[in-house]
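S.K.: Per TrEMBL, the features are:
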TRANSMEM  20-39  transmembrane segment
TRANSMEM  59-80  transmembrane segment
TRANSMEM  92-115  transmembrane segment
TRANSMEM  166-189  transmembrane segment
Amino acid sequence: MLSFPRVVACSRTCSRFLGLSLGTASLFAAGANIALLFPNWDTTYLTRGLIGKHAMLGAGLWGGGFMVLVAATLISLTGYFSNSAPCRHMLIALLSSSLALLGALVCFVTSGVALKDGPFCMFDTSSFNQTQAWKFGYPFKDLPNRNYLYDHSLWTSVCLEPSKAVVWHVAFFSTLVCISLLQLLLVAIHLVNSILGLFCSFCEKS
């Protein structure tokens, strides 16, 4: 049977591992959001203001990126400096978990809405019974009776510019959804680990 000191030591090691994992995930989230600002690694769309609102919101940068990175740093530090003051350790754990939870949720919701609305691209509006022939917008947002996520024939036939706009959009926003889900899972594990560590710390001292 594990002793309380050994469980506390395992809890601290787990905190360091969770902090490192969250920090790594936050860097990947920031990288995915940066990629969305440069379709096909072309900077001209950003300078011309032709980037979709979901990418420009930057939820992967400041939500799943910066906020989670700050929380990950706090979580890692509690793994190294939690030999005393278990209540303070728990308070820091709750604050860092709340920060990471908020950032990951914002990133998840924003990315989910972005996948639902589709990419911001130039398309032929004549098929939508409008007078202007070409324009930038969200051609899949109000597309009747068809879902572009499942109908791959739309991926190359609707968006004219940037090239492979749908593939770029789906790939990186799907990555952000997966990363934010992983972050939420790691936050949940961190909360359970912190509660267990707090309980064992009190039992160790009693």
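All residue numbers here begin at 1 and follow the chain in the order shown.
The backbone N, Cα and C atoms fix where each Cβ goes, and this holds for glycine too.
Just tell me what is around each of these and how deep it sits.
M.R.: Within its own chain, the transmembrane segment (92-115) has Cβ neighbours under 8 Å at 15, 22, 26, 29, 52, 54-55, 57, 59-60, 62-68, 70-72, 74-75, 77-78, 149, 169-170, 173-174, 176-177, 179-181, 183-184, 186-187, 190-191, 194, counting only residues six or more beyond its boundaries.
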S.K.: Which residues, given as numbers and ranges, are at least 6 beyond the ends of the transmembrane segment (20-39) yet have a Cβ under 8 Å from it?
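M.R.: For the transmembrane segment (20-39), the nonlocal Cβ contacts are 45-46, 51-52, 54-56, 58-61, 63-66, 68-69, 71-73, 75-76, 100, 103, 107, 162, 165, 168-169, 172-173, 175-176, 179-180, 182-183, 186-187, 190.
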